[in-house]
Amino acid sequence: MNSSGNQKASLWAVGLMLFALFFGAGNLIFPAFLGQQAGENWFSAMLGFLLTGAGLPLLGVIAIGYSNSRDVQVLASRVTPLYGILFASALYLAIGPSFATPRTATVSFEVGIVPYISEESKTLGLALFSLFFFGVAYWLSLSPGKLVSRIGKVLTPVLLVTITVLMGYAVMNPMGGGGLTAPQGDFAVRPFVKGILEGYGTMDALASLVFAIIVIDAVRAMGVDDRAELLRTTTVSGVVAATCLAFVYLMIGYMGATSVAGLGVQENGAAVLSKTAQYYFGNGGNILLSVIVFLACLSTAIGLIVANAEFFNRLCPGIPYKTFVAIFTLVSMGFANKGLAGIISFSIPVLMLLYPLTVVIILLAFLHNLFGGGRIVYICTIFFTLIVGILDAYKAAFGFSDNTAAAVNNVLPLYDTGLGWVVPAVAGFILGCILNAVFKKKT
């Protein structure tokens with residue numbers, strides 16, 4: 001790097017690029033709806049949301065740099081090589097063409113286009129919009145080396161300015177004078193834990209293990225090769241992104257909480273955003289919101305397509321990168337035409353399985369030196385977590401009978417809160433450490 005000033009500017013550009021990659025569809029709709037449902041408890045709920053929506057993504061980015069892993073497959077291969085391939089592939093496909101990437105187009109369509117077309121035109125409108133949206137994403141994904149200049153230096157500043165104008169005005173001029181309503185459902189009983197679970201929906205902890213390699217490559221392109229300096233620079237970029245995420249989440253959450261007084265309770269976060277923009281700025285507000293959503297979702301779609309294409313190109317080097325870009329773009333466009341509600345409902349069981357495994361592998365990366373990197377520790381911890389993750393996924397997909405739910409709740413502490421994997425993961429870690437120590441003594 002040429003100078004301290006250039007270094008700082010480059011760090012900010014990489015950090016803002018990472019923020020834009022993270023900040024997509026779910027980052028807009030989930031905190032807005034959370035605010036509406038949490039009401040008076042919005043801040044407690046937002047603290048939980050920030051933990052999984054900003055804190056875990058930061059740890060995920062740092063974990064890849066700290067572990068000196070080339071990507072999430074290498075990190076997860078500390079369990080077993082086969083697990084590394086399976087987990088990484090499932091992770092990439094979940095946040096790629098199966099769920100997260102299609103959702104970027106559907107949210108853009110729901111917020112920016114649906115208010116202006118009839119119900120009968122929605123199917124055709126979504127098909128045409130997704131064709132345009134993914135056409136742009138495809139073109140910008142063909143040159144991954146230009147992500148920092150295209151996203152970090154152009155798209156993100158425009159995105160942050162437009163978000164601040166809309167959300168900042170709503171925060172400074174809350175509907176109903178800032179009065180808050182009573183919290184609904186679990187937000188009345190355990191708002192913090194409910195906020196943690198709502199943060200799952202952003203998929204950012206999963207995405208952090210994917211986007212980390214984009215950040216590390218960008219930092220290396222700045223001339224940083226030393227491992228310690230690479231980790232420091234990656235960490236600073238991650239902090240910039242996480243700080244921006246937290247700032248925007250708090251604004252959107254408060255806006256959602258105060259919007260009930262003027263709008264009533266809405267059916268989803270997209271409706272909250274759209275009607276809030278209309279309330280404050282009329283038709284101009286909807287146009288401004290459409291710009292925000294389009295930029296946020298487009299930048300995320302580009303990052304996800306690039307990350308998936310690069311990963312599977314490394315896994316199958318015989319297939320060119322640009323071919324994978326085309327494949328994942330077309331598959332994402334196909335899934336996008338299933339609609340937003342279908343994508344969200346189908347993704348929940350997969351998230352309930354992958355999120356605990358992701359959190360555990362991130363934490364194990366930081367504890368690696370503590371237990372000497374023993375494979376048995378990874379295996380035991382992941383195995384115990386996987387069992388509960390499968391239970392969670394089954395429950396989310398098919399539900400439990402009352403007797404089954406009662407039995408599982410009695411056996412697994414915290415299961416009724418959605419965090420039933422925590423105690424088994426800790427137990428697996430302790431068992432793994434004991435076995436690791438025993439095996440070392442024998443050798």
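The backbone N, Cα and C atoms fix where each Cβ goes, and this holds for glycine too.
Residues annotated as transmembrane segment in TrEMBL: 12-30 (among others). Using a Cβ-Cβ cut-off under 8 Å and counting only residues 6 or more beyond its ends in the same chain, the transmembrane segment (12-30) has close neighbours at 49, 53, 57, 61, 100, 103-104, 106-108, 111, 147-149, 151-153, 155-157, 159-160, 198-199, 201-204, 207-208, 211, 214-215, 218-219, 222, 233, 236-241, 244-245, 248-249, 252, 268-270, 272-273, 292-293, 295-297, 299-303.
Summarising the annotation, TrEMBL assigns transmembrane segment to 42-67 (among others).
Look at TrEMBL and you will find 79-100 (among others) tagged as transmembrane segment.
Among the features that TrEMBL reports, transmembrane segment is placed at 124-142 (among others).
A Cβ distance under 8 Å defines the sequence-distant neighbours of the transmembrane segment (154-172), meaning residues of its chain 6+ beyond its ends; these are 16-17, 19-20, 23, 244, 248, 251-252, 254-255, 258-259, 276-277, 280-281, 285, 288-289, 291-292, 295-296, 298-299. What TrEMBL lists as transmembrane segment is 154-172 (among others).
Listed as Cβ neighbours of the transmembrane segment (235-257) (distance under 8 Å, sequence separation of 6 or more from its ends, same chain) are residues 11-12, 14-16, 18-19, 22-23, 27-28, 31-36, 38-40, 42-43, 45-46, 49-50, 53-55, 57-58, 61-62, 65, 160, 163-164, 167-168, 170-171, 174, 180, 204, 215, 219, 269, 272, 276. Annotation comment: TrEMBL describes 235-257 (among others) as transmembrane segment.
The transmembrane segment feature in TrEMBL is assigned to 287-307 (among others).
According to TrEMBL, the transmembrane segment annotation covers 319-337 (among others).
The transmembrane segment annotation in TrEMBL covers 343-367 (among others).
Long-range contacts of the transmembrane segment (376-398) within the same chain: residues 78-80, 83, 348-350, 352-357, 360-361, 364, 405, 408, 412, 415, 418, 420-421, 424-425, 427-429, 431-433, 435-436, 439, each at least 6 residues beyond the stretch ends and with a Cβ under 8 Å from a Cβ of the stretch. Feature annotation from TrEMBL assigns transmembrane segment to 376-398 (among others).
The transmembrane segment annotation in TrEMBL covers 418-439 (among others). Within the same chain, residues 193, 196-197, 356, 360, 364, 367, 371-372, 374, 376-385, 387-389, 391-392, 408, 412 sit at least 6 positions outside the transmembrane segment (418-439) and bring their C-beta atoms closer than 8 Å to a C-beta of that stretch.
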Highest-contact recorded stretch vs the transmembrane segment (124-142), from 42-67, 79-100, 287-307, 319-337, 343-367, CB pairs under 8 Å: 319-337
Stretch-level contact, the transmembrane segment (319-337) and the transmembrane segment (79-100), CB cutoff 8 A, at least 3 pairs: yes
